[in-house]
Amino acid sequence: MSKDFILAVDQGTTSSRAIIFDKKGNIRKIAQKEFTQIYPKSGWVEHDAMEIWGTQSGVMREALEFGRVKPDQIAAIGITNQRETVIVWDKETGDPVYNAIVWQCRRTSSICDEIKRDPQFVKYIKENTGLVVDAYFSGTKVKWILDNVEGAREKANAGKLLMGTIDTWLIWNLTRGKVHATDYSNASRTMLFNINSLEWDKKILDYLNIPESMLPEVKNSSEVFGVTDSHTLGGAEIPIAGVAGDQHAALFGHCCFEKGMAKNTYGTGCFALMNVGDKPVYSDEGLLTTIAWAENGKPTYALEGSVFIAGAVIQWIRDGLGLVRSAEDSEYYATKIDSTNGVYLVPAFVGLGTPYWDMYARGTIVGITRDTKREHIIRAALEAIAYQAKDVLECMKEDTGLDLAGLRVDGGAVQNNFLMQFQSDILQSEISKPKINEITGLGAVFLAGLAVGFWKDKQELKSILTTEKVFEPQKDSQAVAHDYRGWKKAVERSKAWAECYS
């Protein structure tokens, strides 16, 4: 039977998804199932690792059944996943010793504070992992499990426990324990992997007291990791041939293969990644250095910046203020006026991310006069999303010395044409919106397809990724500079507010 399809396994923070793609990049079927979010204490977030596997294997079978695709028609599987979330399990039984600790979980903040008391070690971590010391990353989460779960430390020291990010857990289960591996992109998010030597970092492992025997083998993002066990998917042994963290897979799905190419994902927040080539670039502007993907043992590096509040500001003006009935209405109101008339909205509801990193900043609306109307506030909210993206992308330009070679966009907010046009104006750069919405899944299947010869090269991938719309700058650079100065002044007003007035 001909192998006409590739299956994307897209394991996210709130749901497990499976997407079947054909050779032209068309979607045959999507299946999705949400799973339980566990909050044992304030600031703690967990997932049931067995529920993750159960929902993920379930949607894979569902996509095949309802897409009318037989398992032996699948040429390969590509995995993309929520990053940093980590699981520790028993090597013999395959049972987790504790729930998965999710990337959002802040329980290891005190461990991070302890590390930060040693500035030289903090510097070492940044220079060798590309990351800042934060509870966000996997390393301190593993330490917490070993220190707090009864018997875990002893078992780990005896070589009886394994750890892995979500991709590793899925590979382990898909192969029935035959393969314990991760890819370079996911490894680079653990705070345990040296992105220069491309090995697990012994100095950091020793500091956190994590036995190296627990760690998975690190493989290329585009490579056959192993095959599914014959009992997993209807008797078929399907190659698992592509693996990447979700934001990395999106960069690959956007075909950002050249240095200077960047993508921005507009979700609740924003994640911007720029391809910086075959050598790591370290940021002076608060960005993270990461491995985008690796092929044939050669990594491609990226800079990453995150904005905490993007699409969430539209939810706020809808649900909190009642200024619009639906998110789609925001575009209608924003286009009823020519400008915000000097009004700026800084959505620092939970502080500010890149490049400000101010946890005490708070939301601010400035420039209000007696003439300010609902439309001005709505438009200012949309413009704030674009200004924050510009903040991040300007940092990338500063760190790399590269001009932005256009911006590829995805996520829910890209359906707002006003926002995309304003983003193009404020960046003075072309914005490309692809026809396909499932860019993360597409990136995973692109990686898998290249590994098994389903597609021959990246040039063929570029022909599959078709553009729905291109936005070109329509404002002159002087007007843009004037507006951006106003944004910067507004941000200054929002800084340290909770610290000063709590």
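Glycine is treated like the rest: Cβ placed from N, Cα and C.
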Same-site residue for ADP (record: Swiss-Prot; known: T13, R17, T268, G412, N416; options: G67, G311, G363, G367):
G311
Which one of Y39, Y136, Y184, Y301 goes with R83, E84, D246, Q247 at the glycerol site, as Swiss-Prot has it?
Y136
Residue pair S15 (ATP binding site), D246 (sn-glycerol 3-phosphate binding site) - Cα distance, angstrom, rounded
13
R83 (sn-glycerol 3-phosphate binding site) to T13 (ATP binding site): how many Å between their Cα atoms?
9
Within 10 angstroms of the C-beta of T268 (ATP binding site), what count of other C-beta atoms is obtained when all protein chains are considered?
15
Near E84 (sn-glycerol 3-phosphate binding site) (Cα-Cα within 10 Å), the binding-site residues in question, chosen from R17, Q315, G412, N416, are none
Highest CB neighbour count within 10 A among the binding-site residues T13, T14, S15, Q247, N416?
Q247
Return one of helix, strand or coil for Y136 (sn-glycerol 3-phosphate binding site), based on DSSP.
coil
Inside 8 A of the center formed by the CB atoms of R83, E84, Y136, D246, Q247, which other residues of the chain have their CB, for the recorded glycerol site?
Q82, T85, W103, R189, G245
So which other residues, same chain and not among T13, R83, E84, Y136, D246, have a Cβ within 8 Å of the centroid of the Cβ atoms at the sn-glycerol 3-phosphate site?
Q82, T85, W103, R189, G245
